[in-house]
Structures are given as structure tokens and as C-alpha cells.
Amino acid sequence: MKNASAILLDNGIKPSYQRIRILEYLMTHRTHPTVAEVYNALIDEIPTLSKTTVYNTLKLLIDHEIVSEILIEEKEVLYDVAEEDHGHFKCVSCGALVDFDLIDAPPSVPEGFVVQSVHIYYKGLCDKCREKQNNA
């Protein structure tokens, strides 16, 4: 994968230090963070950083399809580097969010329609929580 600065330049985005660090954080921490989590992770390194800057940078990265929003719960927006299409599984017990590969079969859509993105979310119990539940 390219470095953050090159990705920004390739997409016509000025690679400011804050933008580079926000994108690098997402690229190295595949934890699907919130705006607050990105902000809290970088504030000590970048004392001038604001939550507004993080939000605006993420919006810019979404607009250029570098990052995608994950909306599984109405009250929570998570962010993910937009690499290959993949789905997400959220454990309803512990809250873990795990990526999984999508099946390569094309979606069935009406003739003439064009799919631009696919978002698949499953909710259930992860293996650890299922095991705890079975042993209880």
C-alpha cells in the first residue's frame, strides 16, 4: 500500500501534516475508530488538532473514496480505510467489529442499474462471546 502522503497527492489533496497523520492512523490502526478516537490518539502529538479538523479531514477522505463510513448503529459513525470491498460483523455482546471478505458474486440488481458500493453488516455473537454463553 502507498504511503499516506502519496495517496493524498494522487487524489489531488494537499498533504498537510494533520491530514497525513489522520490517514496514517487509519491505515495502521484497523480498529474502525470514531472521530473522538482518532482525535484522542493524535492530540498529544498534534496539540493544535481539533475534533473539527479530524471530522473535516475524514469527510474529505470519504469524498475522495479513500476512507469509508461505517454506520452500523444509528448513534455511532466509524471510519475504515477503503481498500477492497469487505463486510463487517459486530458482536452484540462485546462490541467487537471484525472485517470479513465478501463473496465475489455480483449483486442481483434490476437491469440497467449500476452498483457503486456495497455495505454488508452482520450482527451476532463473536466466537469468544458464544463460547462464554455456551459455558455459562
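Yeah, the Cβs are placed from backbone N, Cα and C, and that goes for glycine too.
Bear in mind that TrEMBL entries carry predicted annotations, made automatically and left uncurated.
Per TrEMBL, Zn(2+) binding site is recorded for C91, C94, C126, C129.
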Handout entry: Listed in sequence order, residues with CB under 8 A of C129 (Zn(2+) binding site) and six or more positions away
Key = C91, S93, C94
Handout entry: Helix, strand or coil at C129 (Zn(2+) binding site) [DSSP, three-state]
Key = helix
Completion exercise
Apart from the site residues C91, C94, C126, C129, the 8 Å Cβ neighbourhood of the Zn(2+) centroid comprises V92, S93, G95, A96, L125, D127, K128, R130
Practice task
Could you check the binding-site residues C91, C94, C126 and say which one's CB has the fewest neighbouring CB atoms inside 10 Å?
Solution key: C94
